[in-house]
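Engineer: Among the features that TrEMBL reports, domain 'Nucleoside transporter/FeoB GTPase Gate' is placed at A:136-229, A:308-430. As annotated by TrEMBL, domain 'Ferrous iron transport protein B C-terminal' applies to A:249-297. According to TrEMBL, the transmembrane segment annotation covers A:66-84, A:130-151, A:223-242, A:248-266, A:305-334, A:354-379, A:399-416, A:436-464.
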Amino acid sequence: MTGQKTDPVLVEARRLAGDPEDSYRDRIVAALYARAQTIAYRTVKVAPAPCQDFDWRLDAILTSRLWGYPIMLALLAVVFWLTLKGANYPSALLASLLFAFQDILTSLFHQLGAPAWLHGIVVLGMYRTLAWVVAVMLPPMAIFFPLFTLLEDLGYLPRIAFNLDNFFKKAGAHGKQALTMCMGFGCNAAGVVGCRIIDSPRERLLAILTNNFSPCNGRLPTLITLAAIFMGGLLTTAAGAVAATLTVAGIILLGIVLMFFTSWLLSRTLLKGVPSSFTLELPPYRPPQVLRVITRSVLDRTLYVLARAVLVAAPAGAFTWVLANVHLGAFSIIDHMAGWLQPLGKAVGLDGYILLAFILGLPANEIVIPILLMSYLSIGMLTEVDSLATLGEILVRHGWTWVTALNVMLFSLMHWPCGTTLLTIYKETKSLKWPLLAAVIPTALGLAACFLVKLLAGLLGAALGG
Amino acid sequence: MSTITSLSNLRPGSSGEVVSLQAWGLTRRRLLDLGLVPGTRVVALRRSPSGDPTAFFIRGATIALRREEGRQVLVRTV
Amino acid sequence: MGLTNQATGFRTLRENFLPARTGSYLVALAGNPNAGKSTVFNALTGLRQHTGNWPGKTVLQARGRFTHQGHTFNLVDLPGTYSLLANSAEEQVARDFICFGRPDVTVVVVDATCLERNLNLVLQVIETTTAVVVCLNLMDEARRKNIVIDVPLLAGELGVPVVPAAARKGEGLGRLKDVIAAVATGAMRPVPTPIIYDDDIEAAAARLVGQLQPHLKGRLNARWVALRLLEGDATLLQGIQQFLGVDLSEPGIKLQVKEVLA
Ligand SMILES: Nc1nc2c(ncn2[C@@H]2O[C@H](COP(=O)(O)OP(=O)(O)OP(=O)(O)O)[C@@H](O)[C@H]2O)c(=O)[nH]1
Ligand SMILES: [Mg+2]
């Protein structure tokens, strides 16, 4: 990855040249910079007036001792509040439109005399999952990403790294890990590749292994939806919206804390070592082109989510429908599988279907909730899940409480990375050990956290009840 | 009067001129590539809210260095 | 995706690096991090490579094409790098492409608001190849900051064409395409001004060049390789072995290096 200076030819060259350490290198770089300085002196006519003033003044606020961290937290909360509030209405609209079309499709299939299994696979399996993914994923993503891009174009991300670097150093990691974590919100696979900006192999591995603690765009909507239903009371009141926002922001913060903790633990055990050198350029603030960012980013997200829905969610929907409707004995395949997982699921305050949905969601995190719904729905009647309220009802009917919801959110934050990310980790590290570890660490933490929440909630319930 | 000290000892707001680097290997290359060659004028801008790293103005760009790196750059205060 | 895990040997390299279609020119976009390479790339190709206001946004090379004056140009967007001495994996992608990818033209995108710092890389690139175009980007910001650059004088000092631009606004890109085409077709032949180092270095480099030439066979600029060896750049040795199939650490060659430096 990086050059060692142990190559005999180089060692020999330097020794024979009587060159103490790096003197040739120094003299060459000095000559280059001297030349650059001369050229710049001759050609740059007006010496740069201290127009840096603006940047420095903004830095004095955004990275100030007093305001640096509160501003970061406030931005986190504001971004998620806007996302939750803004996504609510378009989500409902999209859902009612898309599920109205499902009825049309169904009657079309009836008129054409299509067999029930075909209608099942195509409409109830593929189309319904697709509709869900689009309705639930698209609006929050189309709001979150433009906001995030605005901050990115402004130049705020390197300031986050600047503010947080000391914590990374204490965890034995590299400050640029903050940048790769930010990329992870978009997609963990991209975040993992982005870890190339970290020179030191050890610190790069830390960043790769912990990138999954940034919930990616396939998981954020799950967090947002569940928070809206169970913590936000369907966002009908201002207090509800605040509660939901704080829950989502809290989960993100927990991810950040765990990322630090895991990095710290790894750099004291498996990836022992001292922090290497850290240099980070803080670019000038640039006013983002707001309109262009918004239109571009909304368009990009729309295309992205649609493509993912067609390529991943629809086939997964068909597959799950088959699992849910092929019966072995009295139960469907999915019931059998969930049955095996039930003891473990119950032990940690989830259930077998939830664990199964996460397992079947390995190809892509956005299909976890649709798979879960389909397996719940296959048991009873075919409700149309065309609003948050109905979704909530279905979940409650299957025994969900706010503890279940919280645990699903926690497990969504902490479980194995998606298949693409695992493959990317393998490609970037060229060893099976690291993707394996990247899956084991968060899963263990996730199960432990869920268990703990269940335990505490039980104690709390007993205390209140008694 | 000017004294020799390290970059990490520069107070925010003060500036110095690079005298020599005490770093070797990869770190030294990094620092050189960033323009920290002898004679370069450096202004200490501000510290991170947690006290480290520090942002410096070096040859037209703002660059953050940790205390460990800053210590390896000797400067003459100006 | 990294070059490092692609097959070794020069022929495989050429196939990997060069698009299959012949009759087109290969153009590399190099530059310091955050100088606007991806923005220039997008403006020239109409593609939508991700940009962002922080150094390190691009870590893989991206490709696109554009046509101009009847020629096709394959454009490669590279990760940003402060120097040609590769430190990190992503910088190595850039270095390997510039040195071993044999682009017909290398465009160095430069941040006009801090020219001096950016010239460091330009000066290094013009040591490796003569087919260089400097794109003086972010001119709009430079104007806002009251920075005025004497472009013809800069071109004269460097010995390569310099095109001022503001890629985000699409300013100066027509000129840039013209100049890229002229350099690619040979209508314009830049003559970079070499940098003269101190006598020791020049003497050692000159002797080393004599030894290196038979091995490099003109595939790399021998003076540049000699300077890097004097600096002790081990990743370049790896690169030369991987892409050119020449092991400069072989006993025979090592002996010759000894003679040069003795
Ligand atoms: N005002 C202005 N901003 C620009 C111009 N060109 C690029 N930018 C902005 O500069 C920032 C960096 O641009 P990129 O194209 O991502 O830079 P890059 O060189 O590809 O960066 P890396 O991939 O990180 O090396 C972005 O925020 C762009 O919007 C320009 O001509 N004028
Ligand atoms: Mg780029």
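Each Cβ is built from the backbone N, Cα and C atoms, and glycine gets one as well.
Curation plays no part in TrEMBL annotations; they are all automatic predictions.
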Engineer: Give residue numbers and ranges for long-range contacts of the transmembrane segment (A:354-379): same chain, 6 or more residues beyond its ends, CB-CB under 8 A.
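Structural biologist: Here the qualifying positions are 124-125, 128-129, 132-133, 136-137, 216-219, 221-222, 225, 308, 312-313, 316-317, 319-321, 323-325, 332, 334-335, 337-338, 341, 344-345, 385, 391, 394-395, 398, 404, 408, 411-412, 415-416, 418-420.
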Engineer: Cβ pairs under 8 Å only, please: of the recorded stretches A:66-84, A:305-334, A:399-416, which one is richest in them relative to the transmembrane segment (A:436-464)?
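Structural biologist: Between the candidates A:66-84, A:305-334, A:399-416, the best contact partner of the transmembrane segment (A:436-464) is A:399-416.
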Engineer: So which residues does the transmembrane segment (A:305-334) touch in its own chain, when a touch means Cβ under 8 Å and the partner is 6 or more beyond its ends?
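Structural biologist: Here the qualifying positions are 117, 120-122, 124-130, 132-134, 137-138, 141, 353, 356, 360-361, 363-364, 366-367, 370-371, 374-375, 378.
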Engineer: Please count the residues of the domain 'Nucleoside transporter/FeoB GTPase Gate' (A:308-430) that DSSP assigns to helix (H, G, I), strand (E, B) and coil.
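Structural biologist: Going by DSSP assignments, the domain 'Nucleoside transporter/FeoB GTPase Gate' (A:308-430) contains 88 helix, 4 strand, 31 coil.
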